[in-house]
Protein chains: 2
Amino acid sequence: MSGKQVTGDPIRVALLGCGVVGSSVATMLTTHADDLSARVGAPLELVGVAVRRLDKDRSDLPVDPALFTTDAADLVTKADVVIEVIGGIDPARDLILSAMKHGASVVTANKALLAEDGPTLYAAADTAGVDLYYEAAVAGAIPILRPIRESLAGDDVRRVLGIVNGTTNFVLDQMDTSGAGLQEVVEEAQALGYAEADPTADVEGFDAAAKAAILASLAFHTRVSGAQVHREGITEVTAADIQAAKDMGCVVKLLAICERSGEGVEEGISVRVHPAMIPRSHPLASVRDAYNAVFVEASAAGRLMFYGKGAGGDPTASAVLGDVVAVARHKVGGGRGPGESAYADLPVRDMGQSLTRYHISIDVADLPGVLAQVATVFAAHDVSIETVRQQVTTGSRANLIVVTHQAPDRALAATVEALAELPIVDAVTSVMRVEGE
Amino acid sequence: MSGKQVTGDPIRVALLGCGVVGSSVATMLTTHADDLSARVGAPLELVGVAVRRLDKDRSDLPVDPALFTTDAADLVTKADVVIEVIGGIDPARDLILSAMKHGASVVTANKALLAEDGPTLYAAADTAGVDLYYEAAVAGAIPILRPIRESLAGDDVRRVLGIVNGTTNFVLDQMDTSGAGLQEVVEEAQALGYAEADPTADVEGFDAAAKAAILASLAFHTRVSGAQVHREGITEVTAADIQAAKDMGCVVKLLAICERSGEGVEEGISVRVHPAMIPRSHPLASVRDAYNAVFVEASAAGRLMFYGKGAGGDPTASAVLGDVVAVARHKVGGGRGPGESAYADLPVRDMGQSLTRYHISIDVADLPGVLAQVATVFAAHDVSIETVRQQVTTGSRANLIVVTHQAPDRALAATVEALAELPIVDAVTSVMRVEGE
């Protein structure tokens, strides 16, 4: 970049953490200093980088070695802007709270902390009159929080549907392409560096659930914690599920879904993470590998999509530094950015009340009256069937594929249980929700 | 929407214009008043709607009839926020300048005015210490200016590639699907309401050029006016061009292109609007009908895409009201949003210097040595050939399809001229730029 020199009191920036993201942030802060300063309207000065160990070789970073410190608690008291990219709950939370108490605005990429204890942080930012920005916490480089919070502030968001975890998207993508099983593909992802040694946070959906909580909070002006998000990971997804989706012209994705109940229904929101079939024609279906994408539906704007890299040092650093420029501008020019807003305070529905659709595959006896028995079970649970496809498999057995209309998840789950108990049913071979209509 | 009552001094909002967009804005301001007020932190009060004629029936709008006035000049002196959706240069410019002089922040959707005389407006906003926001001026409901200006403020935008005019996209899409000629499809678009009675601004690329100027200005922190944008509309696009693109696995789109020169080249930017072939696998290729999409490439963030409705009353009103909430928040909480930034002041290259690629189809004599003669012309202009495809058409004639590597547009255009003068060349049957690599 090329920039003009800017004079005036510098904005002191402290960086907490110097891993993959922190290294990118430190590098960009240093090499793009002139441009960043021109955009802020004052020089940005990196005053310290808190690290766990001083003895690690960081000579590849264009950062004055004297800036590295292990005393993060002291560093946060001496900055105007604190960037937190340590991750995790402790000590990140205490450092952020201390930074704000000492008057610093905070930029963080910490989705886990925001989803677990966001309200404490929002309240501390309000008390201190500082900014708390966290664009990098969801979908890496993709500008998604600012558009929802600001660009759509005059509209009425109805639904957010996102692929927000690159690891699981890579795994499901590989399963779809190669027909391999989950375990095999996860090991491949680990070998390629797309999955952690302990992939639990990704494959069990914890990471996506934290992001869903943040998206829902902003979209619906309602506090949603990670614990309130219904969460199912991809560990139960089988090669049979992937094949069933293919047969339907669909693809299986791990989706973060934030929905507001429709017209004529009691006000409320549903926030959930689970694998789902979406039609191959849906724009989210073509999101491959470690890319992320978020679909947003709003009353006036209609359908919007945001697409880009969901992780990685430089993409995440791009989002972090966009926030740094914004909060530094406020330090120079006065004012604060829009903070958290929880005025709508809508009830978060449990999963049983959430409306969804099921794709159910069952092996049954190939006898007259079987379809009638099956249909009776659906009717008894007030679940309406959209399509049934029946095919004889071997001799006296048949396979039934049922796709339902929308119904409360509780009724759908109860239907599946009741089907499994029917004497004419051998096995329920695949159950998966269908989204993206 | 549902909202909580907010008390305090109201923010007075004046609306200039009550056409398609203005009607949507007036309706949303009225019906969503509680929500908007909660998001602003103060009540929003619509204090007047300036219209050309008072005798038009507007009883379908949920707006107090006493608020309509023909005295826009008076109205702008009595508001904290002025929304301008009249369009055109005059009287919009004077009204905006007067509004700012009287202390109002301005939200406008007026791409033509911004591209023609943006610097006058930016300077007036600075002098008055007010905000000038214009998200709705480019790509309707799609949040694109705020992401470029704010989310990517810490990054280095290299390229913006957008489909930003729905009318021409509809026309090219129809030509691609039906094989029909331009004139026929434009008439169909007019009948469907997708094209104006006078479609000049759209089909000649003026509308897209104004948007390209705005995008380039924000992306590169450099003032670019509409007049500096190289502009070619779609009027020269023939059914043969569309077919040639199909044969290449491409589709023809009218693109707004803003590029920064690459490493090792003198700093500068290229801003242009012209039809171009892009591969069908490119995400922009699947943008259909009146939808818009903008691709952004930045050094750290990588490739991002933003997709949504590019026009229409409600989508545009969504963008307008997002800006209204932002500038009203600043009125309540102090501070201003990021204004225009022209610090980088990069030179705008003329089209001749811009790097692009050509797809050229020529009918030639089917004689030995023809390819050598043709290749010599390319070499003489320092244009490197990527692929040549030769096919015999009838008897002694052949057709050559040449796709070049990247070269300055001047050299490419000169090559085409020289080819046309070769005795062995019957005709240059199609010339089109290739983008989206």
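Note that Cβ sites are derived from N, Cα and C of the backbone, with glycine treated the same way.
Because TrEMBL annotations are produced automatically, they should be read as predictions rather than curated entries.
As annotated by TrEMBL, NADP(+) binding site applies to A:Leu16, A:Gly17, A:Cys18, A:Gly19, A:Val20, A:Val21, A:Gly22, A:Ser23. Residues or ranges marked as NADPH binding site by TrEMBL: A:Lys111. Feature annotation from TrEMBL assigns L-homoserine binding site to A:Glu196. Annotated active site, proton donor per TrEMBL: A:Lys211, in sequence order. Under the heading domain 'ACT', TrEMBL lists A:359-433.
Around A:Lys111 (NADPH binding site), the same-chain residues six or more apart in sequence whose CB sits under 8 Å from its CB are A:Tyr134, A:Ala137, A:Val138, A:Asp207, A:Ala210, A:Lys211, A:Ile214, listed in sequence order. Cβ neighbour count for A:Gly22 (NADP(+) binding site): 26 (other Cβ atoms within 10 Å of its Cβ, all protein chains included). Here the Cα atom of A:Val21 (NADP(+) binding site) is found 16 Å from that of A:Glu196 (L-homoserine binding site). According to DSSP, the secondary structure content of the domain 'ACT' (A:359-433) in residues is 24 helix, 34 strand, 17 coil.
Distance noted between the C-alpha atoms of A:Gly22 (NADP(+) binding site) and the residue listed as 'L-homoserine binding site' is 18 Å. According to DSSP, A:Leu16 (NADP(+) binding site) sits within a strand segment. Mean pLDDT across the domain 'ACT' (A:359-433) comes to 93 in this model.
Listed in chain order, the residues near the NADP(+) site other than A:Leu16, A:Gly17, A:Cys18, A:Gly19, A:Val20, A:Val21, A:Gly22, A:Ser23 are A:Leu15, A:Ser24, A:Val25, A:Ala26, A:Val85, A:Ile86, each with its Cβ within 8 Å of the site Cβ centroid. Long-range C-beta contacts of A:Ser23 (NADP(+) binding site), restricted to its own chain and to partners at least six residues apart, with a cutoff below 8 Å, comprise A:Arg58, A:Leu61, A:Gly313.
Sparsest Cβ environment among the binding-site residues A:Cys18, A:Val21 (other Cβ atoms counted within 10 Å): A:Cys18.
By neighbour count, meaning other C-beta atoms within 10 Å, the densest spot among the binding-site residues A:Gly17, A:Gly19 is A:Gly17.
In the three-state DSSP scheme, the residue listed as 'L-homoserine binding site' is classed as coil. Cα-Cα distance from A:Gly17 (NADP(+) binding site) to the residue listed as 'L-homoserine binding site': 19 Å (rounded to the nearest whole number).
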